[in-house]
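Sequence annotations record features per position, and here TrEMBL assigns domain 'Major facilitator superfamily (MFS) profile' to 18-400. Summarising the annotation, TrEMBL assigns transmembrane segment to 20-43, 55-77, 84-103, 174-192, 222-238, 258-277, 289-307, 313-335, 347-369, 375-396, 430-448. Annotation source TrEMBL lists region 'Disordered' at 681-734. Per TrEMBL, the feature compositional bias 'Basic and acidic residues' maps to 712-734.
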Amino acid sequence: MSYLSRKERYRQQHYHPLVWSLLFGTAFTRTAAFMSLPFLAIYLSDHTELNTVEIGLVLGMSGLGGALGGFVGGYLSDLFGRRVIITLSMIVWTSAFFCFIFAQTYLHFILLNLVHGLCRSFFDPTSQALMSDLTAESKRLKIFGYRYTALNIGLVLGPLLGTVLYPLLGIKTFFFTGVAFFIYSLVLVGQFSRYSHQIKAAEPEAKVSVLECVNVLRKDTSLTYCVLGGALFFAIFAQLEASLPLHLSDDLENGATLYPFLLALNALMVILLQGIVSSWAEHKNVLSSLIIGCLLFALGYMAFSLGGNSSSYILGIIVLTIGEMIIFPVSNQFIDNLADERLRGTYYGAYNFSQIGLFLGPVFGGWLLKGMGGTVMWWIMAALSLHMIWFFAIGYRRYAKKNGIGILQIVQQIFTDLHLTRLVKFSIKMIPLISLITGVSLYFYYYLDEGLASPGRKGIVEIQISENASLRQIGSELKKKQIIKDDSLFPIYYWVNRVFYSNSIQPGVYQVSPHMKIDDVMVILSRGTFTVEIPAGATVTEIADILSSHGVHKEDFLAAVNNETYSFAFLNHIPQARKEYRLEGYLLPGKYEFRKGIRPKEIVNTMLKRFQKVLNKSIYLQRLQKENVTLDEWVTVASLIEQSKQASKAVSAYDIYTMLNKRSALNIPLKDPYNKLKAYNSPERVGLPPGPVNNPGEDSLRAALPPLDWSVVKERDKNRKTTVTEKKSDSKDF
């Protein structure tokens with residue numbers, strides 16, 4: 001039995017001082033870097049002529065260099081030693097930050113940010129490998145957790161310092177970043193000199209060639225799947241910085257202020273809780289921890305997909321952060337388990353390639369956000385989070401198989417870690433009952449869905465819901481209007497809908513389009529209605545103004561009047577040459593009740609439908625045909641009657657027809673916009689204007705109908721023994 005000295009036991013129980021130096025250096029250098037780098041985009045935008053694409057390429061070079069350089073840096077650390085690569089990377093890194101002060105051209109910034117990414121990709125995996133070399137295997141997971149905490153400290157403190165320094169110094173802020181890196185480089189050189197023998201003893205003695213290294217990595221499919229899972233993780237994780245701020249600004253009024261709070265909450269949780277999470281994960285299987293982390297990521301993005309309020313996003317970021325605190329250190333531990341002692345740096349460098357997801361993720365997320373919207377994008381991210389489990393699971397299975405661990409042992413360990421054994425046993429016992437419930441539920445769903453389907457209807461229908469209408473009465477009304485087939489199912493549907501969607505039917509008169517299903521109708525019925533009075537003689541513009549006070553956009557209503565098509569036969573009588581306000585005269589005034597949120601086209605359709613009801617009275621069409629008067633002429637005369645100052649509409653009609661037969665100017669004052677149009681309001685105009693000048697009520701339409709009432713003619717012209725028919729012997733004169 002070997003005896004360990006007190007000093008050796010102390011080293012096994014505690015972390016090496018150089019490990020603490022590297023952890024401190026991670027926080028210190030990241031603080032210095034984030035003090036200047038986040039403001040590079042602002043500097044390039046304000047002080048150079050680069051466009052947004054060129055600026056984006058400059059910023060992207062850091063991520064590209066970080067993804068591509070990790071493998072090389074890791075391998076070189078295995079070949080030449082950790083001290084050499086860390087020292088050289090810090091020297092070049094420091095020089096790059098000083099050079100930013102003197103950069104002037106596009107190429108300068110491209111190269112410097114690429115060098116920054118390469119140096120980071122050399123330093124990070126090499127420092128991780130060195131910390132792993134100097135730490136007992138049982139304590140490595142905590143080290144990875146502490147390192148991630150250090151990164152977040154830099155992420156929080158750096159931008160805060162930058163907001164103070166950059167407005168004062170501009171690009172010269174990079175000088176202070178360079179100074180910080182230079183100071184830390186000196187500290188590292190001193191530490192390496194002090195602990196050189198321990199570092200050399202911890203590093204693997206055997207060296208490998210490039211060809212052997214490539215062959216090992218090529219054959220290690222466990223690493224391949226782990227890198228793919230990591231790349232997917234980074235692509236999904238990147239949405240927190242790329243897509244979330246854009247979605248928040250569209251989804252919430254306070255989105256711009258909520259986003260910084262979410263980032264601060266994320267960083268604060270990592271700083272305060274990473275140690276606790278790492279301690280918990282130490283006692284779990286690697287795959288079990290990764291599965292939990294992926295599930296938490298999926299749940300977090302599901303919370304984002306609900307949206308609509310700050311609580312959803314706060315809950316989502318809390319759940320995501322816990323998943324993040326598990327996946328980051330545990331994935332590093334997984335790589336550490338996979339790595340050959342001689343190739344630890346190479347393995348860390350190879351895993352660094354997974355950061356290509358930070359480059360691809362924002363592109364993919366931006367495409368989804370633009371094409372499908374935020375809600376769909378978050379659901380897709382949740383689904384992709386579950387796919388991470390597949391990559392990590394396959395990678396772990398290959399690793400376990402190589403180490404003689406069977407799949408049953410893996411499953412048993414996962415079930416134990418996740419406390420699923422009792423749940424599985426209970427689920428097996430419940431299979432018959434679950435099958436019965438599922439079958440009954442599917443049958444009931446099909447029966448309900450079929451009964452609530454529309455039997456087929458054409459055109460817009462009106463539903464009238466009285467103040468005290470019962471659910472059975474409402475169901476009967478819906479069946480009568482062919483919206484549902486079976487009214488007996490409606491009460492059940494209503495209560496289910498109310499529980500899940502909080503929809504409550506409001507009394508009123510609603511217009512339902514033929515394409516609407518029962519779910520759409522329920523949304524409409526729960527919004528309520530508004531009542532509007534359109535006075536006789538109102539122009540299209542005046543109607544638009546009246547409706548705008550009820551939330552209907554004026555421009556949308558005018559567009560519906562001028563541009564939309566409607567399936568009413570009487571519209572074929574409107575001259576094709578009339579483009580603007582072509583439906584003037586045919587929007588029958590009166591009292592209307594519309595549902596809230598109704599489309600302008602449906603409003604116009606309802607008003608035209610009411611005009612159609614007036615026209616359907618046989619007396620109107622028969623008289624027009626008999627007197628050889630067109631529909632448009634009749635409506636135009638009726639609109640002029642509305643404009644006339646006569647108290648009696650019948651007298652006004654007689655006067656208008658008299659002036660028309662005498663070929664005299666009507667001289668009836670018109671409202672805007674027709675009073676400004678020469679074709680309508682010319683003093684010398686003889687005959688009717690080109691079209692109606694407002695929308696007449698049914699009284700004016702009735703008064704304008706030829707032949708006129710003989711009693712009116714007699715009262716108006718007692719000395720002339722004429723009839724209206726004689727006066728209009730040639731109706732085409734007007």
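Count begins at 1; order follows the chain as displayed.
Glycine is treated like the rest: Cβ placed from N, Cα and C.
A quick note: this is a predicted structure, and the numbers were derived from the prediction, not measured.
Taking pairs at least six residues apart, the transmembrane segment (174-192) and the transmembrane segment (20-43) share three or more Cβ pairs below 8 Å and count as touching. Here the domain 'Major facilitator superfamily (MFS) profile' (18-400) returns a mean pLDDT of 83 for the predicted model. For the transmembrane segment (313-335), same-chain residues at least 6 beyond its ends with a Cβ under 8 Å from one of its own Cβ atoms are 128, 140-141, 144-145, 147-148, 223, 226, 229-230, 233, 237, 240, 248, 252, 258, 262, 265-266, 269-270, 273-274, 277-278, 281, 286, 289-290, 292-297, 299-304, 307, 347-348, 351, 392, 395-396.
Most Cβ pairs under 8 Å with the transmembrane segment (84-103) belong to 20-43, among the candidate stretches 20-43, 258-277, 347-369, 375-396.
Within the same chain, residues 37, 40-41, 44-45, 84-86, 89, 106, 109-110, 113-118, 120-126, 129-130, 210, 213, 343, 345-356, 358-359 sit at least 6 positions outside the transmembrane segment (55-77) and bring their C-beta atoms closer than 8 Å to a C-beta of that stretch.
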